[in-house]
């Protein structure tokens with residue numbers, strides 16, 4: 001395997017007004033007999049910004065949405081980013097821990113989304129190469145976005161044999177604090193510019209027998225509801241186009257609950273296929289849930305979000321599949337524990353497995 005590093009861009013942090021250099025790493029599969037594959041990651045947001053994989057006809061495409069310029073990553077949030085301290089939504093940006101109420105920064109319809117106004121996705125991480133991995137590290141101080149305690153964070157990206165990309169997340173802290181991390185890459189297995197037309201041709205399957213109903217503002221009600229006889233029953237492979245036609249609201253932005261909710265064991269969560277290209281993606285996790293988002297809030301109009309190579313990214317032009325603990329878990333006793341205790345590390349592994357077969361005619 002080959003790992004290259006290059007300067008991707010320089011920008012001024014809007015909060016600190018510091019000039020920041022952002023580096024891109026390219027992990028290239030060079031082992032004999034392995035599928036040719038290349039992964040790109042950025043020190044801004046410890047982000048997954050590209051995965052180049054072959055299709056069934058001999059071509060190669062980048063199947064992760066991304067940009068050519070640093071300013072666009074700053075403008076359009078969450079593109080491939082590492083999300084923390086707390087992925088997804090916390091109702092009203094409030095929670096009570098050890099008898100003390102904490103108020104977080106508000107950035108989404110009166111709630112705290114993806115760690116607040118300056119979550120870890122908006123930070124430039126320290127970077128290094130270690131044992132064939134690209135490792136990003138970050139320190140989040142006590143009071144960061146309203147969260148208690150100082151935590152030290154590490155995220156690594158590693159190419160494994162068999163077309164696999166392993167992302168490992170680790171957090172240690174000095175005080176009890178909520179932690180819920182994920183990666184927010186947007187995928188389109190037809191290629192990053194495939195758009196909604198190609199997204200609808202995907203086939204998806206989830207190893208999940210429940211989902212979390214949400215309010216109109218996408219806050220979990222606290223119920224874990226069976227997917228049986230609902231639009232959320234994706235236990236058998238189903239076309240994304242058919243699934244979108246059945247779900248209320250015109251798209252998915254819901255947390256699915258794995259059939260096996262034990263934590264710490266890597267097991268399959270979801271899989272996606274794009275028959276016209278022959279590409280497939282399998283996603284495994286050590287966490288109990290996975291958020292399925294079909295890009296419902298992406299721009300309606302061409303040209304509002306211009307991505308890599310001048311391609312316009314528009315509504316439902318890609319999907320995100322984000323392994324994580326349950327949204328707002330810190331406010332629901334019946335949800336899996338989301339509190340990191342001092343001296344006990346938070347560990348989360350996500351495994352992406354890419355493959356290709358002959359393209360469907």
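Heads up, the Cβ atoms here are built off N, Cα and C, so glycines get one too.
TrEMBL has this to say about the protein:
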BINDING   88, 89, 253  beta-D-galactose binding site
ACT_SITE  184  active site, proton donor
ACT_SITE  322  active site, proton acceptor
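In this entry, beta-D-galactose is bound by 88, 89, 253, whose most widely separated C-alpha atoms sit 11 angstrom apart. Its own atom aside, the Cβ of the residue listed as 'active site, proton acceptor' has 25 Cβ atoms within 10 angstroms in the protein chains shown. The recorded positions near the residue listed as 'active site, proton donor', taking a 10 angstroms Cα-Cα threshold over the set 89, 253, 322, are 322. Reported as a whole number, the C-alpha separation between residue 88 (beta-D-galactose binding site) and the residue listed as 'active site, proton acceptor' equals 10 Å.
DSSP assigns residue 184 (active site, proton donor) to coil in the three-state reduction, placing it in neither a helix nor a strand. Taking CA atoms as the reference points, residue 89 (beta-D-galactose binding site) and residue 322 (active site, proton acceptor) are 13 Å apart. If you take the C-beta of residue 253 (beta-D-galactose binding site) and look for same-chain residues 6 or more apart in sequence within under 8 angstroms, you find 214, 218, 291, 292, 293, 294, 296.
The DSSP secondary structure for residue 88 (beta-D-galactose binding site) is coil.
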